[in-house]
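Engineer: One structure coming up, written as structure tokens, with questions to follow.
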């Protein structure tokens, strides 16, 4: 119930940025069964090619499907890349706890929460990642390799500046604005890496095994987040290290944030070099046009997709589904730190959930791979409102499975990026709003000084100068929590059934019209 978990969940809801096709099209949805056969060219790997040929009724699929074991090396590579992706997410997720221990306001916390928005906004530059690349080097490696190199160098540089930004060196208050800008750029790079990795996953694995990509994503990011957040906060804490890891007490933890950033920056540089030299992309394409047709066409395609009635309804529902638990999701952990719970202890509360978040996607994959994956999301949404975080992986994997199920195979990367970006945004904006509303909803009274109040910072200072103190009469967190519970149950009863009905829509409701 900490913001670390909150941001991890949000950030984990981000999937393939594989803008594999930029096709000209006419605006508006395609009539039922009305595929446009004028665009049978396809750029991508076997997975995309086979999906296309199945839908158009061409091709020979007499060959046996490839087993998981045959593509084990590719699956392990994807898993490792997602672990690397989780490291920046975990490190960024630890900053709100550090800031709260330094008594920053909830308004400042809300401002810093924009750090986690790049994964919700990556759709804005994903077409560029798809359209611009070096063919000989590889479509995805053209972005993955330089992005991870920049991430590594950025982490090494940040290791020399982060103590100053946090106010650890000169005793000043944290520079929240500078921290927000710095970590926003940090997450921007991680989101760009995510676009490249998710797009590569669709062509790295065959159609039979492409479902393992979401499992690698869930397991890898969870493991990476654990390393960058829970493990870091534990090893950074002098109390934790003295109690559990040392025989002789020391004034500081085993590692500092600077040490951690420098170490993982070095890991990024070394492993990226190995990927660049040793892993080749699948360059198989069908006969025809092999290049995307341009960034402009891709943006037009996005607008065409989002205007489709089924997609628009799905987006509106997903954007509002998490309002019900935004207060508990975003504020609870910070409140615990405010009340004196050590941040490393709070982070360790997530440890029992890590095995579940790794194992549950494997267990429930047989349900989410079926014809109605949203049943899992709808069922456990109510559980989530009642028991926050207990079974989040069910909702996460089921939404990803549904997005993969309905995505038009000819434009699967574009389609999935849109749906998953909306899903991610649906978790981020309620958290930011919930953090911002805590201070305005909190009522404080000036005790010890007559005719004074604590409604503004200046009033608080005046109260203290006159010998009084500001005492919380009504905590905005509890007001938010009650409101969110009612909103959550209202959404589940009135809008939840509409979400379930979407999976009964025919394939034609999800296919986008394209033209020459």
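Here the Cβ of each residue, glycine as well, is placed from N, Cα and C on the backbone.
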Engineer: Suppose you had to name the range TrEMBL annotates as transmembrane segment; which of 191-217, 218-244, 299-325 would you pick?
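Structural biologist: It is 299-325 that TrEMBL describes as transmembrane segment.
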Engineer: Looking at 476-495, 496-515, which stretch does TrEMBL describe as transmembrane segment?
Structural biologist: 476-495
Engineer: Give residue numbers and ranges for long-range contacts of the transmembrane segment (476-495): same chain, 6 or more residues beyond its ends, CB-CB under 8 A.
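Structural biologist: Same-chain residues near the transmembrane segment (476-495) but 6 or more away: 317, 320-321, 323-328, 331-332, 335, 381-382, 385, 434, 437-443.
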Engineer: Counting only residues 6+ away from its ends, which parts of the chain sit with a Cβ under 8 Å from the transmembrane segment (260-278)?
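Structural biologist: Contacts with the transmembrane segment (260-278): 77, 80-81, 84, 87, 91, 141, 144-145, 148-149, 151-156, 158-159, 162, 228, 232, 235-236.
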